[in-house]
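Inspection log for the structure reproduced underneath, given as structure tokens.
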Amino acid sequence: MTTRRDIAAMLTTTFVTWLGQRTTAVALPLVALAETGSAWTTGLVGGAVGLPMLTSAWWARGLRQRLTTGPALAAVLAIQVLGLLVVPVGAAVGAVGPFHLAAAGLVTGAATTLSGPGQRALLADICAGGDAAARMLAWQDFAHRSTMILAPPLAGWAVTVGGPLRLLWAEAAGVALGAVLLLAVRGTAAPAAAEEAAAAPALRHVLARHPEVCRAVTMAGVGGLAWFAFTLGLAILGAETGRPGLLISAGMTGYGAGSLAGALVAPVLVPRLPPLATVAAGWILLGATFATLPAVTASLPLIAVLAAAGGLAMPLGIGAVNRLITTRTEGAERRAAFAVESLVHDGAVSIGLLGGGAVIGLAGAGPTLVVAGAAQIAVGLLAGPWLRPLPSRLRAADPAPGRAGRDRVAV
């Protein structure tokens, strides 16, 4: 019963924190513009958030190994709340400038860099790894993705009724609620004498020891780097064809609906599918979607359907990555593996968005989508299990040694 309660608390924490984050994505630029009067400050928080994540391989290595309990992760969320309060408190006293926005981004970025992988690792430990952990991580992904559908209309309504500033207070309150929920989590990472004696593993060493995880993370990195072609590419194609906003709206709506449907079935399908092949197939399908989109820009329904197909595959692929990590690693290695997966994918997304506009400006939106899609197809074929098979001892996603008996936890 305690395990079920802990899992419910962690899934609820994921939902409330992501709901707040997605609603303030609408409100924060409006507050920044209103308080500073400068358009360039609207992206300052988002840019600052990425810096701690991109440098986390150096500063977070030891810290992540201490985040093995609910209260420890609650402390991280409490620090995130302090960062979230910088802007609304400053706005309340009439003192919001670039420094405050950058400080808010750095503090919240550091906290989210630690809390995201830390929560996934603790949830996997509570479930004792294996397929039970893969199922619960898939449900966590569903809680996260459901906010894609709920947050934008909620944010639009809230801004219309009460203005954007109240949403910033609401996000801080939501993260504070998540911290309180994590305080109630009694489960902890299973102690291991060898782990306690060893130094925290470097991220690159974890990838070197686990080739399947390395291949999955490589695919996620290429996919993250190519993501700008979808978001920026469709937005620019819409403007070029005289339908500003329509193409990206159709694409994001279809992708969101497809990913939510995929997340709903992932807890059932992921434990039954070969993990590395599932990861590769997901990126190949998304790449094919990207490459096909320029040919169907005349039809908004076709754009939505194609994007939905790509979105449907993503939760299955993410669930398969989580399954690889939970069955191949444990303890300190597991925490490092979740951290490196987050670092590579999210860092690649940030880099792609940073330079994507220039790439599209040089090559054009259509060709960029085609090349980005081809890159995802290529890495899926090369890193998947078909063209370069893994050694036979690595083909079966067996639990890590010493953990087979614990995979039968009923959750």
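From the backbone N, Cα and C atoms, a Cβ is placed for every residue, glycine too.
According to TrEMBL, the feature transmembrane segment maps to 37-60 (among others).
The transmembrane segment annotation in TrEMBL covers 72-96 (among others).
Counting same-chain residues at least six beyond the ends of the transmembrane segment (167-185), those with a Cβ under 8 angstroms from any Cβ of the stretch are 5-6, 9-10, 12-13, 16-17, 19-21, 23-24, 26-28, 31, 69-71, 73-75, 77-78, 80-81, 84-85, 87-88, 91, 119, 122, 126, 155, 158-159. Marked as transmembrane segment by TrEMBL: 167-185 (among others).
Summarising the annotation, TrEMBL assigns transmembrane segment to 213-239 (among others).
Packing against the transmembrane segment (245-269) from elsewhere in the chain are residues 135-136, 138-139, 141-142, 145-146, 148-149, 230-231, 234-235, 237-238, 293, 297, 300-301, 303-316, 318-319: each is 6 or more residues past its ends and has a CB under 8 Å from a CB in it. The transmembrane segment feature in TrEMBL is assigned to 245-269 (among others).
Per TrEMBL, transmembrane segment is recorded for 276-296 (among others).
If you look at the transmembrane segment (302-322), the same-chain residues 6 or more away from its ends with a CB under 8 A from one of its CBs are 120, 124, 133-134, 137-138, 141-142, 145, 213, 216-217, 220, 230, 234, 247, 250-263, 265-267, 269-270, 273, 275-276, 278-279, 281-283, 285-286, 288-290, 292-293, 296, 341. Among the features that TrEMBL reports, transmembrane segment is placed at 302-322 (among others).
The feature transmembrane segment is assigned by TrEMBL to 343-363 (among others).
Positions annotated as transmembrane segment by TrEMBL: 369-387 (among others).
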| message | Tell me if the transmembrane segment (369-387) touches the transmembrane segment (276-296). I count contact as 3 or more CB pairs below 8 A, with pairs 6 or more residues apart. | response | yes
| said: Checking distant contacts: for the transmembrane segment (369-387), what same-chain residues at least six beyond its ends satisfy Cβ-Cβ under 8 A? | reply: 215-216, 218-219, 222-223, 226, 228-230, 233, 237, 274, 276-277, 279-284, 286-294, 363, 395
